[in-house]
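Q: Would you mind keeping the following structure in view while I ask a few things?
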Amino acid sequence: MTSGEVKTSLKNAYSSAKRLSPKMEEEGEEEDYCTPGAFELERLFWKGSPQYTHVNEVWPKLYIGDEATALDRYRLQKAGFTHVLNAAHGRWNVDTGPDYYRDMDIQYHGVEADDLPTFDLSVFFYPAAAFIDRALSDDHSKILVHCVMGRSRSATLVLAYLMIHKDMTLVDAIQQVAKNRCVLPNRGFLKQLRELDKQLVQQRRRSQRQDGEEEDGREL
């Protein structure tokens, strides 16, 4: 396959990737979004920002960072962080926990996950997303989501949050995060995010159909 053919196939794969929003429904746009494959998704990450520092803001008041950021209590306090989600919680990973921040005004949530393609991180998608959402519901809050490198586990949980609570497709979420930080979940996590994407897209389409049927019923 030539490079030109790759570009064309990728363009076709996600050129129609759109958020399934009521506005689009009203405007009559065709909902033809299809979850891209792992290779196409990885290309989206590669096209993102080369920026990779200890911590980056990827959504208002939502930051992805590394172990060094999480361990630096002074800088966390100075920067005004109020919540920490550790996606590498545990003795053999980033061993912090609530006690580590006990004398600080920080709420902690730990996810004991390994950065392995075989690890099922999806069971933590909704609890982690709920923690992030509660944090961001307060205008004065600021949350750090971290793992060891701030590239795979933490990025996966942030992507899941944007998909679940901000009604983004996986493509939307990747583009939002990748433009602000160089991240790349492992293939296993990408597969789990693809499954979440398919489920959420189906739910939104069902909801839109039901809303449309109810609207038609009121007009009769």
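For all residues, glycine too, the Cβ spot is worked out from N, Cα and C.
What Swiss-Prot records for this protein is below:
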ACT_SITE  Cys147  active site, phosphocysteine intermediate
BINDING   His146, Cys147, Val148, Met149, Gly150, Arg151, Ser152, Arg153  substrate binding site
COMPBIAS  1-15  compositional bias 'Polar residues'
DOMAIN    54-202  domain 'Tyrosine-protein phosphatase'
REGION    1-29  region 'Disordered'
Q: Measuring Cα to Cα, how many angstrom lie between Cys147 (active site, phosphocysteine intermediate) and Arg153 (substrate binding site)?
A: 6
Q: Tally of helix, strand and coil residues over the domain 'Tyrosine-protein phosphatase' (54-202) according to DSSP?
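A: The counts are 69 helix, 23 strand, 57 coil.
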Q: Count the other Cβ atoms sitting within 10 Å of the Cβ of Val148 (substrate binding site), across every protein chain shown.
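A: Around the Cβ of Val148 (substrate binding site), 17 other Cβ atoms lie within 10 Å.
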Q: I'd like to know which of these binding-site residues, His146, Arg151, Arg153, is least surrounded, judged by other CB atoms within 10 A.
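A: Minimum Cβ neighbour count within 10 Å, taken over the binding-site residues His146, Arg151, Arg153, occurs at Arg151.
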Q: I'd like to know which of these recorded positions, Cys147, Met149, is least surrounded, judged by other CB atoms within 10 A.
A: Met149
Q: Same chain, not part of His146, Cys147, Val148, Met149, Gly150, Arg151, Ser152, Arg153: whose C-beta falls within 8 angstroms of the C-beta centre of the substrate site? Give them in sequence order.
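A: Neighbours found: Ile64, Asp66, Glu67, Ala87, Ala88, Asp115, Ser154, Ala155.
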Q: Within the domain 'Tyrosine-protein phosphatase' (54-202) only, compute the mean pLDDT.
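A: Per the prediction, mean pLDDT sits at 97 for the domain 'Tyrosine-protein phosphatase' (54-202).
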